[in-house]
Amino acid sequence: MVDGEADAGVHEWHRTVRGWHVAFAVLAALTCVLVTTNDEPGGSRRYAALGVLLALVGWYVAVGARALLREPGPVGRLYVLGAVPLTVALFALDPVGSIMLFLLYPHVWALLPMRRAVVVTVVAVVSTGLVMVGGSGWWLEVSVTAVVGLVVALALGVWITRVIEQSRQRAQLVAELEATRAELAEVSRRAGAMSERERLAHDVHDTLAQGFASVLLLLQAAETASDLDAARHHICRAQTTARENLAEARALIADLAPPALHGGSLPDALAQLVERLSGDLDVRPELTVVGRPRVLLADHDVVLLRVAQEALANVRRHAGASCVDVSLRYEEEAVVLRVADDGRGFDPSTVVGGFGLPGMRSRVEQVGGAFSVTPGAPAGTVVEARL
């Protein structure tokens, strides 16, 4: 714990601070009992040891507990600066004070950078060794004990440092994963919004825009009609188309299936489209259903109907065709919609942008289907969607 990555670095350590508080209270109480009941030190030394222990407890409550909740810094250094001499003094007054060393070393390594922790640990071990030498005079035994104590303290410190470093790395990883998840959620939200905008654009183009174009063509035809009956016929068709457009608009707002599919099948909806084209421009359309009709997924019905709407709208606006063949073929593992006309045709590779052919292709491919536009024989265009 040597860098400034505070929150991530001490995350796991903070979770154990309450345990350290309990451990300090238990060991301090045990030390107090043992010092009080120990017969070796005299009365004055016993009271002095209890006074130092009380000072150490107060120092921990006032500074140490706060330092353990913060990143390594001035508060931690201040606590160690007071805790080390107090603990050594307690040990000098009564050997029972060595119990508090079990807490001092973890605190040192948790609150100081590694190099400083090593220095402080060596100073503490040497100081306690000198106290032992002063009390017994046995240099060899004390030296061995001091070396063993130093090795154990350093090993414990390195272990604590590694645990905290691993905790810091895990906390950083969790933070990065959470940030990545938030970014992915935002990207997904934007992609969903973009997909929804494209879907609405395609729906508006395939329904409302085409319907308005039909109304305009019918009104123009009524305006140039040679007799009143023909004009009324075109106006009646325009009114019908306008009503259908209104129903489509309401369905789009409510995010419902196309009105033509309400209470009917896909072949029925295609029959309505073919009939409308015949009434609009006097084109001779033909609808053929091959195979036994079956219930499809709702989005497949919608996709095939929208493709048929767009293909027939293109025939009406661009093809100049006199005959249109619409076929719906139910195969064993697929359903194929085919719209063929005998009009002037075009080169599909020259189409750039717009919502027509690209929109049809996008719709079909989004549900895992195949879409193609090819020249007809001997003339015209063939649009095919396979789901």
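Glycine is treated like the rest: Cβ placed from N, Cα and C.
Note that the coordinates shown come from a computational prediction; the quantities given were computed from them, not determined experimentally.
The coiled coil annotation in TrEMBL covers 163-197. Taken together, the residues of the coiled coil (163-197) have an average pLDDT of 73.
Per TrEMBL, the feature domain 'Histidine kinase' maps to 199-387.
The transmembrane segment feature in TrEMBL is assigned to 20-37 (among others). Note on the transmembrane segment (20-37): residues 46, 49-50, 53, 56-57, 60, 64-65, 68, 90, 94, 96-97, 99-100, 102-103, 106 of its chain, located 6 or more positions outside it, place their CB under 8 angstroms from a CB of the stretch.
Look at TrEMBL and you will find 49-69 (among others) tagged as transmembrane segment. Residues 13-14, 17, 20-21, 24, 28, 31-32, 35-36, 41, 75-76, 78-79, 82-83, 86-87, 89-90, 93-94, 96-97, 100, 107, 110-111 of the same chain sit 6 or more residues outside the transmembrane segment (49-69) yet have a Cβ under 8 Å from a Cβ within it.
Residues or ranges marked as transmembrane segment by TrEMBL: 81-105 (among others).
Summarising the annotation, TrEMBL assigns transmembrane segment to 117-140 (among others).
The transmembrane segment feature in TrEMBL is assigned to 146-164 (among others).
Here the transmembrane segment (81-105) has Cβ contacts under 8 Å with residues 20, 23-24, 27-28, 30-31, 34-35, 38, 40-41, 45-46, 48-49, 52-53, 55-56, 59-60, 63-64, 120-121, 123-124, 127-128, 131, 135, 153, 156-157 of the same chain, all six or more residues outside its ends.
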